[in-house]
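One structure below.
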Amino acid sequence: MSAGQRSESSSSSSSPSWLSHFSSSALRSKPLAPTSDSIASGGEGLVRRLSLFDLLLLGIGASIGAGIFVVTGTVAHDAGPGVTVSFIIAGGSCVLNALCYAELASRFPAVVGGAYLYAYTAFNEIIAFLVFSQLMLDYHIGAASIARSLASYVITALELIPFLKSNIPSWVGHGSEEIYGAFSFNLLAPILLVLLTIVLCRGVGESSILNSVMTVTKVVIVIFVIIVGAFEVDVSNWSPFAPNGFKSVLTGATVVFFAYVGFDAVANSAEESKSPQRDLPLGIVGSLLICIALYVGVCLVLTGMLPFKSLGGDAPLAEAFTSKGLQYVSVLISAGAIAGLTTTLLVGLYVQSRLYLGLGRDGLLPSLFAEVHKTRHTPVNSQIWVGIVASVLAGLFNVHILSHILSVGTLTGYSVVSACVVTLRWKDKTVRQVFGMPMSSRAEGLICLITVVCCGFAAGVFYRFGASFIFLIIAVVIAICAAAALHLRQVYSDTPGFSCPGVPIVPIVCIFINIFLFAQLHHEAWVRFVVLSIVTVGIYAGYGQYHANPLSSKTSIIYHRAPAEEAP
């Protein structure tokens, strides 16, 4: 055989070998871990310090930022007093998603990872890695954007001091003039990110204290604003309640949906919760219900103080109180916005480091991300990396122009979590005849789930572009048929701990709503989803498939009780 023939033979044999290895690696899943915790008194690992109260504040801190002072007025300008219903609809949808998160958080109480971990167990390695990459891009851009907003609020507050007013250069906190439409220098935003990163590196105890203080501060301010504003309400401003019809209310719900994003941060704190199986579900659902009550209260006060056509702008709530001669409340609102942004940013950085920690342990990322400081018991390397990425984005880029490609990871992540609840409940593994063809029960169920996803996206596109109502009805009917097949043809097991009610219907409704909202995003968000997915598969093909080990985290994780919990 000639050298050329041997080379051709080797190439043809190596190609199937590479594809075979890629396929077997991508399709493997993480074994379901036992629900009991391993407790150790020494060694390296995270420390269980977070109580139920800490988890509630973590969820509230992640969800309520400056949006409660800005987004409410922006949506109310179009939806009128009906913005209250918009927040209720969006909150109800998030409650369904939270129920799915709560079940899985109770089922996986001992390991960090959140949606990534759930997808790894319920589906396979490549889907888990895709979920991580989509979520992480949202987190990185979101953290940079929040840091810039926080820097701007801090400078605005400093300018209340007479000798500083108009003497602080714009590039310090508000951002310099745009260069080529994408670059804009900001000095203060990276400094704030570095400070918060240092706090997080010092330990979950210190960061939890800061989050608790700031979250309690902003919640007290919001409650005070609601009480004071209630005395300025003119009920005639609530009529008409939905001046532009229900469609504007529903469109508003798609916008304010993202004001609730953050309760998944509680799920990512599983490894640092004192009593994860009991407290995680309560923390997830409880924090979300508190946020709904606060948002509804603010909406009622805001739309009752001024006619809805007068609302809008960058600070509608502050402007409403100023118009009533209550300037001191406006100052409190600014303080609440700073506290809200600080906690949102702090929790966001915290969650990102825990996700990197999970992937480092599983080998999908280099092992340095899996290292935990011996005395601080925090993933310092992961935390520093997250801080560096956010600081670069916040310091050099006009991240606000990227805002329209955000929320892709959140909506897809929530959808995958809902699908995980369904698939992990299946216990019938038999092969049956479907339209005359043999098909496993799992394969049939996956086809039904994919059908729901496609129908949700189709319904969203039809609604967005004003297609005939009949097409929307057809998409909904097909989704209902797929849901009926999942309900009637699958056998579902009971779960220990908290169980999401109404499985599989509740998770299916979550998937449909999330994908419907996904279809409302800017078309560039769809492009981002496709491009990032391709890049992610490339990274996995070049690194992840050769280093990942789904069994690694079962043997290497050591858990610690909080000092107060240790036996004498």
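Glycine residues also receive a Cβ, built from the backbone N, Cα and C atoms like all the rest.
The shown structure was predicted, so the numbers you read here are calculated from the model rather than taken from an experiment.
Summarising the annotation, TrEMBL assigns transmembrane segment to 55-76 (among others).
Under the heading transmembrane segment, TrEMBL lists 82-104 (among others). Non-local neighbours of the transmembrane segment (82-104) in the same chain are 72, 75-76, 118, 241-243, 246, 248-250, 252-257, 259-260, 263-264, 266-267, 280-281, 284-285, 288-289, 291-292, 295-296, 299-300, 303, 414, 417-418, 420-421, 424, 495, 497-501, 506-507, 509-510, 513-514; each lies 6+ residues outside the stretch with a CB under 8 Å from one of its CB atoms.
The transmembrane segment annotation in TrEMBL covers 116-137 (among others). Long-range Cβ contacts of the transmembrane segment (116-137) within its own chain (Cβ-Cβ under 8 Å, at least 6 residues beyond either end) map to 25-33, 104, 108, 352, 355, 358-359, 362, 364, 408-410, 412-413, 416-417, 419-420, 423-424, 528-529, 532-533, 535-537, 539-540, 544-545, 548, 550.
Beyond the transmembrane segment (179-201), the same-chain residues lying 6 or more positions past its ends with a Cβ under 8 Å from any Cβ of the stretch are 143-144, 147-148, 150-151, 154-155, 171-173, 207, 210, 342, 345-346, 349-350, 353, 373, 376, 378, 380, 383-384, 386-387, 390-392, 394-398, 401. Annotated transmembrane segment per TrEMBL: 179-201 (among others), in sequence order.
Summarising the annotation, TrEMBL assigns transmembrane segment to 213-231 (among others).
Here TrEMBL flags 251-270 (among others) as transmembrane segment.
The transmembrane segment annotation in TrEMBL covers 282-308 (among others). Within the same chain, residues 52, 55-60, 63-64, 68, 72-73, 76-77, 79-81, 83-84, 87-88, 91, 94-95, 98-99, 101-102, 105, 219, 222-223, 225-226, 229-230, 232-235, 237-238, 243, 256, 259-260, 263-264, 266-267, 273, 316-317, 320-321, 323-324 sit at least 6 positions outside the transmembrane segment (282-308) and bring their C-beta atoms closer than 8 Å to a C-beta of that stretch.
According to TrEMBL, the feature transmembrane segment maps to 384-402 (among others).
If you look up TrEMBL, you'll see 446-463 (among others) marked as transmembrane segment. For the transmembrane segment (446-463), the residues of the chain that approach it from at least six positions outside its boundaries are 415, 419, 422-423, 471-472, 475-476, 478-479, 482-483, 485-486, 508, 511-520, judged by C-beta separation under 8 angstroms.
Sequence annotations record features per position, and here TrEMBL assigns transmembrane segment to 469-488 (among others).
The annotation domain 'Cationic amino acid transporter C-terminal' is assigned in TrEMBL to 498-547.
Per TrEMBL, the feature transmembrane segment maps to 500-519 (among others).
The transmembrane segment annotation in TrEMBL covers 525-543 (among others). Using a Cβ-Cβ cut-off under 8 Å and counting only residues 6 or more beyond its ends in the same chain, the transmembrane segment (525-543) has close neighbours at 22, 26, 125-126, 129-130, 133-134, 137, 364, 404-408, 412.
Stretch with the largest number of CB pairs closer than 8 A to the transmembrane segment (55-76), among 213-231, 251-270, 469-488, 500-519: 251-270. Only residues 6 or more beyond the boundaries of the transmembrane segment (213-231), in the same chain, are considered here, and those with a CB under 8 A from a CB of the stretch are 57, 60-61, 64, 68, 290, 294, 297-298, 301-302, 304-305, 317, 320-321, 326, 329, 332-333, 335-336, 339-340, 342-343, 346.
Long-range contacts of the transmembrane segment (500-519) within the same chain, counting only residues at least 6 positions beyond its ends with a Cβ under 8 Å from a Cβ of the stretch, are 93, 96-97, 99-100, 102-103, 254, 257, 408, 411-412, 414-415, 418-419, 421-422, 425, 449, 452-453, 455-461, 463-464, 479, 482-483, 486-487, 490, 492.
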